[in-house]
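Per Swiss-Prot, the features are as follows:
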- Gly67, Pro68, Glu69, Ser70, Ser71, Gly72, Lys73, Thr74: ATP binding site (BINDING)
- 335-357: region 'Disordered' (REGION)
Amino acid sequence: MKVDPNKEKALAAVLSQIEKQFGKGSIMKLGEDRSMDVETISTGSLSLDVALGAGGLPMGRIVEIYGPESSGKTTLTLEVIAAAQREGKTCAFIDAEHALDPIYAKKLGVDIDNLLCSQPDTGEQALEICDALTRSGAVDVIVVDSVAALTPKAEIEGEIGDSHMGLAARMMSQAMRKLAGNLKQSNTLLIFINQIRMKIGVMFGNPETTTGGNALKFYASVRLDIRRTGAIKDGDEVVGNETRVKVVKNKVAAPFKQAEFQILYGQGINRTGELVDLGVAHKLIEKAGAWYSYKGDKIGQGRANAGKYLTENPAIAAEIDKTLRELLLSNPSALASSASDDESTEGNIDLETGEIF
């Protein structure tokens with residue numbers, strides 16, 4: 001198709017004028033001078049990284065993680081911070097709930113000496129701190145825990161029982177408009193933890209909703225629904241949770257995938273257990289009876305012992321992790337088949353044998 005030369009000249013002139021006024025890169029053709037691959041940070045769970053499609057949470061975007069109480073929301077964000085710090089990135093934690101446990105964070109691998117932490121007095125203060133950190137361009141990951149605890153100043157200064165209809169939603173809506181562009185410019189990942197509330201009078205459909213209005217739902221590139229699906233027992237003692245995360249919204253890859261993993265109390269995500277399960281599912285690790293083998297060498301009797309071997313041999317664990325990422329991220333449907341197989345195995349797991357009961 002022939003293009004009018006006068007239109008081409010006019011377009012070139014206006015593009016030149018826009019770039020002169022707003023800076024180079026302020027407007028461009030979609031396929032030109034930019035990386036089409038989104039930079040990501042690992043969530044600490046291999047199966048969740050694969051379910052997200054891009055290999056982790058996307059930089060320069062807003063992410064919402066929500067779920068019931070004690071489902072692993074804060075643990076998941078601390079795992080993301082630990083993964084980011086291992087890559088040399090700077091992280092900040094906005095603790096609006098005033099409930100961050102530094103000892104637990106340290107156990108999960110977070111470098112608490114280099115983690116920026118703020119406990120703001122009001123919701124506006126928390127969001128202003130987020131915006132200032134973002135505009136600095138020096139912070140790579142910001143976590144806000146939680147949206148429900150971002151209390152507007154008017155509500156704090158008022159009395160208990162006063163009506164403040166829509167204040168939090170209006171505050172969040174204004175913050176999202178301001179933050180979204182700045183996050184993209186500075187390539188900062190902003191994670192909001194959110195709580196669940198019940199809508200009154202819902203007869204059909206899901207009565208669950210998240211706090212803070214609808215703005216966050218629209219601006220978030222990724223929304224994760226995290227749930228506790230069972231307990232992990234060592235004998236009679238409960239030592240962790242079976243956890244399922246569903247990717248409810250995803251703007252960087254296909255949504256609606258889900259991942260299942262274990263969160264062990266005081267340790268975080270059971271990475272080696274995940275490697276054993278996915279390794280067996282994709283024929284990287286051989287299983288004969290209760291024995292697990294890798295490249296012909298026995299690595300342990302029972303899932304727990306195989307996981308312990310990988311913990312003691314990080315080079316082998318890293319090799320299996322790398323192979324699985326290459327396999328699953330190039331072929332995400334492979335995980336879907338293994339996840340559907342895993343769905344029938346809900347329940348309690350004996351740490352010694354790895355058996356479901």
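Every residue number used here counts from 1 along the chain in the order it is shown.
Every residue, even glycine, has its Cβ placed from backbone N, Cα and C.
Neighbour list (Pro68 (ATP binding site), Cβ cut-off 8 Å, at least 6 residues apart, same chain): Ile196, Arg227, Arg228.
In the three-state DSSP scheme, Thr74 (ATP binding site) falls into the helix class.
The ATP site is defined by Gly67, Pro68, Glu69, Ser70, Ser71, Gly72, Lys73, Thr74, and by the 8 Å test on Cβ atoms against their centroid, the other residues of the chain that qualify are Ile226, Arg228. Fewest Cβ neighbours within 10 Å among the binding-site residues Ser70, Ser71, Thr74: this applies to Ser70.
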